[in-house]
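Peer 1: Provided herewith is a single structure, encoded as structure tokens, for subsequent inquiry.
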Amino acid sequence: MPPSEDLESRGAKNRGGSYTSSSVIEDSETQWTSWLVPMFVVANVAVFVVAMYINNCPKENSRVQGKCVAGFLGRFSFQPLKENPLFGPSSKTLEKLGALEWKKVVSKHQGWRLVTCIWLHAGIIHLLVNMLSLVLIGIRLEQQFGFVRIGVIYLLSGFGGSVLSSLFIQNSISVGASGALFGLLGAMLSELITNWSMYTNRAAALLTLLVIVAVNLTVGILPRVNNFAHIGGFVTGFFLGFILMPRPQFGWIEGRNLPADVRVKSKYKAYQYVCWLVSLVLLIAGFTVGLVMLYKGKNGSEHCHWCHYLSCVPTSSWKCDETQF
């Protein structure tokens, strides 16, 4: 039997330099078929079609902002670009269908908006960008870790993004799956950290992922982009990655085939157990504090006077109190 170092070395080679490469896990041939992420894509597209049908621009538009865009689509035509430059429905329609709005969540106890808002999109451009990102990131992760773990990360990250958005964005509505998508990015980062010994070119993989996250968060300071959803989703997904994505040691995998009287390695390394426990505590504490503050009607900006700049930097050219996505 080859030493465990050789087995780990062979596993590292299979990993390659990419943070999305496959690895030797409990069964080296195991790879799940991705079906949940495609279903998420279909669901988001279907919800957008329903939103456009209900919006019915030709009937509801007062033409104060201009004519409906792509009028040949009939009731599926888009709102005037002055009102919605992303080619989508009106804010009124989004609000009716479950967009995140602080007053309705707190005053009217419509907590379901914390979930429904992640299935709505402000326009077809918004939808296409998010769904392309979901396909590129989510399918590969689902193939590696299965639909249960990726589904939990996606939904809880979207919820975490909604909670943080509600604490800081209280004068406009918010929609979009961006928080859930950033949760997948956060999980990729923690997966890289917790399974650090299984990677080659670790520094390059880490730097690449950090650059991707930094660029997206920087774009988040533009108007209409809800960076608080990005940050809340990313942090949630980061903690969930430590909880749901640790890889067993190669020595443990090989040791399962040894005689019962032979001592084998622990399934996980000590630092993986520590990361798991710390992440679980911080995640529970974060959700608890966030929800308590939300339902007490607290404004996060009162406790952090500069935090609003994380989502939008107002200038003479744009305002920051419009629909967020």
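Quick reminder: no glycine exception, Cβ is built from N, Cα and C everywhere.
According to TrEMBL, the record shows the following:
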- 1-22: region 'Disordered' (REGION)
- 35-54: transmembrane segment (TRANSMEM)
- 109-246: domain 'Peptidase S54 rhomboid' (DOMAIN)
- 118-139: transmembrane segment (TRANSMEM)
- 151-169: transmembrane segment (TRANSMEM)
- 175-196: transmembrane segment (TRANSMEM)
- 203-222: transmembrane segment (TRANSMEM)
- 228-246: transmembrane segment (TRANSMEM)
- 273-295: transmembrane segment (TRANSMEM)
Peer 1: Looking only at residues six or more beyond either end of the transmembrane segment (228-246), which have a C-beta under 8 A from one in the stretch?
Peer 2: 145, 149, 152-153, 156-165, 167-169, 174, 176, 178-191, 193-195, 213, 216-217, 220, 268, 272, 275-276, 278-280, 282-283, 286, 310-311, 324
Peer 1: Looking only at residues six or more beyond either end of the transmembrane segment (151-169), which have a C-beta under 8 A from one in the stretch?
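Peer 2: Hits for the transmembrane segment (151-169): 36, 40, 100, 102, 105-106, 113-115, 117-118, 138, 177-180, 182-184, 186-187, 226, 228-237, 240-241, 244, 286-287, 290-291, 293-294, 298-301, 307-308, 311, 324.
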Peer 1: Does the chain bring the transmembrane segment (203-222) near the transmembrane segment (273-295), so that three or more CB pairs sit under 8 Å (pairs 6 or more apart in sequence)?
Peer 2: no
Peer 1: Taking helix as H, G and I and strand as E and B in DSSP, count the residues of the domain 'Peptidase S54 rhomboid' (109-246) in helix, strand and coil.
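Peer 2: Reading the DSSP string over the domain 'Peptidase S54 rhomboid' (109-246) gives 108 helix, 1 strand, 29 coil.
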